[in-house]
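Notes follow the structure.
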Amino acid sequence: MTVAEQQPQHQGYANPGTPGSVVTFKKRYDNFIGGQWVPPVKGQYFDNASPVDGKVFTQAARSTAEDVELALDAAHRAAPAWGRTSVTERSNILLKIADRMEQNLEMLAVAETWDNGKPVRETLAADLPLAIDHFRYFAGCIRAQEGGLSQIDDSTVAYHFHEPLGVVGQIIPWNFPLLMGVWKLAPALAAGNAVVLKPAEQTPASIMVLMELIADLLPEGVVNVVNGFGLEAGKPLASSPRIAKIAFTGETNTGRLIMGYAADNLIPVTLELGGKSPNIFFDDVMMEDDAFLDKAVEGMVMFALNQGEVCTCPSRALIQESIYDRFMERAVQRVEAITMGHPLDPGTMIGAQASTEQLDKILSYLDIGRAEGAEVLTGGERGQREGLEEGFYVKPTIFKGHNKMRIFQEEIFGPVLAAATFKDEAEALELANDTLYGLGAGLWTRDISRAYRMGRGIQAGRVWTNCYHVYPAHAAFGGYKQSGIGRENHRMMLDHYQQTKNLLVSYSPNKMGFF
């Protein structure tokens, strides 16, 4: 079924709050502070509309600095005891959270889809299973983590202990609200920290559904969630002298501000920022008409996953010129077969953009691409569906152009692919690295030696080789250049939420002899 052939009806999950639905949102969400639901100090709330139909379905607390202070109070009360809790107990709590989420997977998946707009087939098969696995992974990591001992001499020993930072701040994005929340919560909690977390104002609801679900599993104050807008709630959190670390995922310009706040307080920062990821296809992918070629075509179409709202979206396709026409013909056919429909229909392959602001931004870049002279190969317009006319939909779009165009250089964060050709390996590497960003990249070839050379040469924190958009818990993720600082995932993430205590102990009764 093509985008143009959609039928208005859908067979899938019932809309939240309707008969048969697996989830019902509250009419209004307060902040989650100290294990309690606490109204915002100033009594203000903001409307939250679903991208699916553009209609308001709940309200969230419009928090201010006063609410952030209440959350920090609760976190500081909880942090000492939580930090002293045995790694076994912390690990077991994370495992219980994972089990609870798994038992309620459909409820969380539908909540995430309604809040964000992404297809429920993605939340069911990717977002939630990955989030669950991240809790289990870090539950295992903290049990396996060991300190160190160095024998300086026969009577002097250096002991090294991992200690939590204390209270940390976390600000998560709107493209994967639950998964990005878990990416930050799991290692921070495993390491023994208390957390104050601020969700994106575009998606404030699904994380609150999660907190309702797991609140009884956590000691009061260990996790605190404060909703609100960036300047009103995010800035007071990021700039607070009462946090020992700030972790942020979002756009690069905001990341610069966050880093400035952290510098003022001399605290560590983890930033996962923007990207303009190249996806490179060498001519040997078409040597055979086989499963690998089919996989490579799918790899190019991955730009449409999550409606293109992924920091590592493979938004630049670089295709060796000798195969461009043949390869692109297959890719366009695959894109035009994408099913756009109701996000709660398991058959829907692409859903709604997360907000009306993001919709407008994407549509503006479609105009920019045309104005630059790029050729529209497919898509290029807003998606329309009967019954969801007010939803935030965009048809997956492929432009053909060159790497100096704005659509190749600026992060669009939508289902928009900019494709260009290259002659040889050297040009492919030059084009791939001709960007301010360096978060991710894709590489497709049957030549493993070339794959290694290119993978080492590409300036990006992750280079997917003959795959794309795979996010296992035990693979480090983070950016080069203006795509960020620090890493997410992998056991090394524990180090980002801990500090090393060295006890240098002399067992000798004898003085040193200097005085």
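From the backbone N, Cα and C atoms, a Cβ is placed for every residue, glycine too.
Quick look at what Swiss-Prot lists:
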type	residues	note
ACT_SITE	Glu272	active site
ACT_SITE	Cys311	active site
BINDING	Gly228, Phe229, Gly230, Leu231, Glu232, Ala233, Gly234	NAD(+) binding site
COMPBIAS	1-12	compositional bias 'Polar residues'
REGION	1-20	region 'Disordered'
Checklist entry - Which whole-number value in Å describes the distance between the Cα atoms of Gly234 (NAD(+) binding site) and Cys311 (active site)? => result 20
Checklist entry - Once near-sequence residues are set aside, which residues in the chain of Cys311 (active site), 6 or more away, have Cβ atoms under 8 Å from its Cβ? => result Asn175, Thr249, Glu272, Leu273, Gly274, Gly275, Leu439, Gly440, Ser483
Checklist entry - Fewest other CB within 10 angstroms, which one of the binding-site residues Leu231, Ala233? => result Leu231
Checklist outcome for this item: Out of the recorded positions Glu232, Glu272, the residue with the smallest number of other Cβ atoms within 10 Å is Glu232
Item to check | Residues near Gly230 (NAD(+) binding site) in space but at least six apart in sequence (CB under 8 A) | outcome: Glu201, Thr254
Checklist entry - Cβ within 8 Å of the NAD(+) site's Cβ centroid: which residues qualify beyond Gly228, Phe229, Gly230, Leu231, Glu232, Ala233, Gly234? => result Ser63, Lys198, Glu201, Lys235, Pro236
Checklist entry - Going along the chain, which residues six or more apart from Phe229 (NAD(+) binding site) have their CB under 8 A from its CB? => result Phe46, Arg62, Glu201
Checklist entry - Near the Cβ of Gly234 (NAD(+) binding site), how many other Cβ atoms are there if near means within 10 Å? => result 27
Item to check | Neighbourhood of Gly228 (NAD(+) binding site) by C-beta distance under 8 A, where only residues 6 or more apart in the same chain count | outcome: Pro40, Ala60, Ala61, Arg62, Ser63, Thr64, Asp67, Lys198, Glu201, Gly234
